[in-house]
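This report refers to the structure that appears directly beneath it.
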Amino acid sequence: MVYRLLGFNGRFNDKAVRLVLQWNPLNLVLVDQQNDLKPCRNGVPGFELVTGYAYTTSSDLMRLIPGSLELTQCLTYCQLNNSCKAINYETGLCVLLSTGATQRPEALKPAQFPVFTIYAEKVCLQRYAINKCNKAWVYERVIGYKLKSEARRIGSASTREKCIESCLRETDFECKAVNYNTVSGDCYLLDHDRHSVSTLLLDDVESGLQTDPNFDYLENNCIPGQGKVCEFKKINGLILKTVDSMYPDVTSVEDCKRKCLESPYRCHSFDFGDGSNKVCRTSHLNQASSVHIQDPYLEVANGATYELDNCYNVSLHCGAREMKVKIKMNRPFTGKIYATSKPNSCYNLIKRQYDFDIAMPYNDINCGIMQSASGLYSNNIVIQHHELIVTSNDIGLSINCQYDLSNKKVVHNIQLQDMGDNLNEYMSEKESLRPPIQEATVTSPTVTMRITDRDGNDIKSAEVGDQLSLRFEIPDDTSPYEIFVREVIADDGVDASEFTLIDEKGCPSDISIMSGVRRIKGSSKSVEAPFEAFKFPTSGIVQFRALVVPCLPSCEPVHCATTGFDGTRRKITSLGRRKRSSSILGSGSSSNTSDSELIVIQTIEIVDKFPHKNGRGNENNEDERVKLSTYPNNSSLDESNDKTNSKNNNYKNLNDNRVGKNKHSSSHWLYDSDAYTRSSGKQDGFETCVDINSLVVICFIFLTIQFVIISTWGYIKYRNNKFENRDQSKHKIPTAPFKLSYKRPVNASFFSIDDINVLA
């Protein structure tokens with residue numbers, strides 16, 4: 001951005017600022033009281049943020065503050081100065097302005113080179129609209145854009161401030177953003193924003209930010225915190241040109257992540273140096289929210305940006321009859337939540353919901369709740385992003401409800417621990433039972449399929465999230481054939497569940513699981529399909545089947561537009577279509593070989609990435625633990641207090657948020673339980689609890705049936721004896737009067753013949 005400042009023409013940079021300071025430092029403060037605007041009447045001042053724009057009228061410059069490392073600090077300077085109406089901010093430089101774009105809209109212009117500028121202006125909003133907002137700015141404005149998303153409510157507003165006020169005071173749903181038509185005044189309230197919309201913001205996608213000169217997109221910054229446990233995905237080689245905050249005293253990535261989550265704004269990304277320095281930088285921007293800025297990132301070889309991915313706000317309610325786990329996420333969730341011991345009978349299918357839950361009754365055998373001690377009930381659940389398979393994006397939760405029956409109190413806590421995989425443990429003890437590798441071959445040509453790591457080394461087992469490849473090869477280098485691959489299907493080895501990875505056209509069905517088929521180092525005889533290791537909830541075995549078709553003289557690629565389960569859409573090219581050419585075959589040649597379809601099969605064992613409680617898990621995952629400190633809440637076992645419990649079951653203290661150090665570039669977040677549930681001895685109790693409960697139920701049913709049979713038999717015998725005595729009395733004359741009476745036991749449902757007394 002270029003200013004004309006105190007007779008000095010030039011760009012704002014460190015040298016220019018130092019020159020002005022040496023020339024006349026007293027002239028840096030230029031307060032124009034006559035240009036002072038009226039104070040905010042009948043309302044509360046807040047800030048509107050516009051990223052990628054700068055206010056270019058140098059005559060209204062009030063003060064330069066070099067060395068400002070935080071946008072929030074620059075906003076505070078302006079907030080405390082009644083004459084300040086707006087600011088321009090770049091990393092390290094804060095500029096206070098005496099007027100803003102409201103008075104001079106023509107002065108607000110894009111400023112994105114060499115770095116982009118952040119502009120903020122004071123706005124006056126009604127107190128009732130922002131009385132609960134504790135953020136540094138109220139909303140962000142994206143000029144000339146709108147979010148293509150269905151509106152939850154449509155109204156009319158005379159100004160954009162009135163439009164955002166209607167969003168802030170909305171109570172029927174959580175309003176995240178608005179589309180404001182600057183021409184007609186129409187105000188569209190949205191329950192999504194550019195972060196929660198789960199597709200990449202590209203021109204050819206169906207939803208996301210789209211240019212429209214008649215609209216302004218306004219995003220609510222007053223939404224409550226992201227969640228208690230958040231995952232970040234790493235993007236190598238890129239860092240933002242301008243950030244909101246810089247912290248030079250941070251020593252680790254985990255501390256930098258904590259700075260981001262504790263920011264007084266909705267932080268969506270951070271970076272931690274480029275290898276030569278250790279400076280923590282946080283920002284409200286990420287790739288999805290910076291599409292309106294041209295080249296917002298710098299390419300740095302050793303740098304990396306960590307973008308906020310999924311945030312989980314998990315609470316547990318221990319009721320009188322059931323335990324209920326409630327999850328609130330920062331973006332719409334589509335997938336499945338289920339109990340690991342009963343994945344096919346105790347589950348909920350979720351589709352595009354922010355809030356969801358799963359209820360597990362204590363006496364419901366379909367949910368497999370375990371009782372390891374007196375009053376302690378436990379279960380393990382999984383939040384699975386894909387409908388069919390377990391991926392590295394999923395998390396597991398171990399939940400416990402402990403009832404103290406002596407004083408009628410409920411203590412509950414929640415943790416993310418090992419889900420337990422009996423099949424994996426069995427396979428680890430029975431190495432000989434592991435299924436052998438199978439290959440299907442044909443003559444002319446021979447095609448093989450191997451499961452390898454990304455370096456081409458064969459593997460027999462892996463963990464969820466490992467970077468693997470399916471490699472298809474023609475060993476004969478002199479063969480004239482090429483190959484293309486289609487209909488790649490994964491199943492659990494017992495035909496209970498299967499999932500299509502590559503469809504009949506040769507296109508990946510889910511690019512977040514398996515990419516398209518590509519040549520290996522340009523070879524026409526070797527192709528691979530990279531994928532991320534996954535497993536089925538019911539099995540640790542994954543079997544791949546693929547349909548391979550040789551083709552002459554070459555295989556023509558197919559162009560695919562696919563979508564992942566996370567909503568990501570991409571256009572890719574895959575070797576999924578063959579090119580037929582009969583001209584190269586002689587008149588006496590047969591094309592049957594080139595048209596033959598080969599089925600190849602390969603098997604691998606996949607284990608969960610969650611560390612096992614019995615010590616058999618991956619020891620490296622000890623560093624990937626996030627501890628959630630909770631305080632027990634007391635509540636009655638009576639049903640009347642269930643509602644009170646649900647209000648008190650929200651955890652408030654997150655002691656340690658750490659980014660997992662994972663060699664496979666995937667993060668797993670573990671809730672650390674108390675010492676009681678961590679001990680191996682108590683875990684052993686979990687193993688036999690289900691059998692004991694089943695035995696008790698069976699014994700109770702058996703005894704009830706026996707009691708009914710005996711009681712019925714006694715009653716019939718009594719009736720028979722009664723009729724027999726009546727027949728005998730017709731032939732005998734009694735010598736003395738007698739009286740017949742019976743006595744019924746107090747606690748008996750039936751009486752027997754032994755209760756009859758005959759008194760002379």
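Numbers run from 1 along the shown chain.
Quick reminder: no glycine exception, Cβ is built from N, Cα and C everywhere.
Positions annotated as compositional bias 'Basic residues' by TrEMBL: 572-581.
For 582-593 (among others), the entry in TrEMBL reads compositional bias 'Low complexity'.
Annotated compositional bias 'Low complexity' per TrEMBL: 646-657 (among others), in sequence order.
Summarising the annotation, TrEMBL assigns domain 'Apple' to 40-124 (among others). Each residue of the domain 'Apple' (40-124) gets a DSSP state, and the totals for helix, strand and coil are 15 helix, 41 strand, 29 coil.
Positions annotated as domain 'Apple' by TrEMBL: 133-222 (among others).
What TrEMBL lists as domain 'Apple' is 230-311 (among others).
What TrEMBL records for 317-567 is domain 'ZP'.
If you look up TrEMBL, you'll see 572-593 (among others) marked as region 'Disordered'.
Positions annotated as region 'Disordered' by TrEMBL: 611-666 (among others).
Mapped onto DSSP classes, the domain 'Apple' (230-311) shows 9 helix, 37 strand, 36 coil. The domain 'Apple' (133-222) scores a mean pLDDT of 88 in the predicted structure.
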